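These features come from Swiss-Prot:
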- His26, Cys34, Cys37, His38: heme c 1 binding site (BINDING)
- His29, Cys82, Cys85, His86: heme c 3 binding site (BINDING)
- His39, Cys50, Cys55, His56: heme c 2 binding site (BINDING)
- His75, Cys98, Cys101, His102: heme c 4 binding site (BINDING)
Amino acid sequence: VDAPADMVLKAPAGAKMTKAPVDFSHKGHAALDCTKCHHKWDGKAEVKKCSAEGCHVBTSKKGKKSTPKFYSAFHSKSDISCVGCHKALKKATGPTKCGDCHPKKK
């Protein structure tokens, strides 16, 4: 799979970012199966962003729990979110606190 080595994760249009964007390393996560994060990917089609239609399109933090929220794609307790996965790993090297991923704005 051809993925960018490094990228910056930002909220999609319509969502308010309250913290700094996240520098993300695909290379640093290469040992994981791509579907760990891209859980709707079939292994063949182009990989879509989390905010793509059919995924986490709701940019609000409130509302029906059945609607996948963009925020929850990264912050839920589920092991298919960034925070949930890192907490489940319980590794000292993995970020689990807000400031670990979201550096203070300068």
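Cβ coordinates are placed from backbone N, Cα and C, and glycine is handled just like the others.
Mapped onto this structure are the features recorded in Swiss-Prot.
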residue: His26; record: heme c 1 binding site; CB count, 10 Å: 15
residue: His29; record: heme c 3 binding site; CB count, 10 Å: 15
residue: Cys34; record: heme c 1 binding site; CB count, 10 Å: 15
residue: His38; record: heme c 1 binding site; CB count, 10 Å: 18
residue: His39; record: heme c 2 binding site; CB count, 10 Å: 13
residue: Cys50; record: heme c 2 binding site; CB count, 10 Å: 19
residue: His56; record: heme c 2 binding site; CB count, 10 Å: 19
residue: His75; record: heme c 4 binding site; CB count, 10 Å: 16
residue: Cys82; record: heme c 3 binding site; CB count, 10 Å: 20
residue: His86; record: heme c 3 binding site; CB count, 10 Å: 18
Original post:
Which of the three DSSP states, helix, strand or coil, fits Cys98 (heme c 4 binding site)?
Top reply: helix
Original post:
Long-range same-chain neighbours of His102 (heme c 4 binding site), Cβ under 8 Å, sequence gap at least 6?
Top reply: Lys19, Ala20, Pro21, Val22
**OP:** Sorry to bug you, but what's the C-alpha spacing from Cys55 (heme c 2 binding site) to His26 (heme c 1 binding site), rounded to the closest Å?
**Re:** 20
Original post:
For Cys55 (heme c 2 binding site), what is the tally of other C-beta atoms lying within 10 angstroms of its C-beta?
Top reply: 17
Original post:
Which whole-number value in Å describes the distance between the Cα atoms of Cys37 (heme c 1 binding site) and Cys82 (heme c 3 binding site)?
Top reply: 8
**OP:** With an 8 Å cut-off on Cβ-Cβ distance and a minimum sequence separation of at least 6, pull the same-chain contacts of Cys98 (heme c 4 binding site), or say none.
**Re:** Lys19
**OP:** Would you mind reading off the Cα separation of Cys85 (heme c 3 binding site) from His56 (heme c 2 binding site), to the nearest angstrom?
**Re:** 17
Original post:
What other residues of this chain sit with their CB within 8 A of the center of the CB atoms of His29, Cys82, Cys85, His86, the recorded heme c 3 site?
Top reply: Leu32, Cys37, Ser81, Val83, Gly84, Leu89, Gly94
Original post:
So how many other Cβ atoms are close to Cys101 (heme c 4 binding site), meaning within 10 Å of its Cβ?
Top reply: 20
Original post:
If you measure C-alpha to C-alpha, which of His29, Cys34, His75, His86 (binding-site residues) come within 10 angstroms of Cys50 (heme c 2 binding site)?
Top reply: none
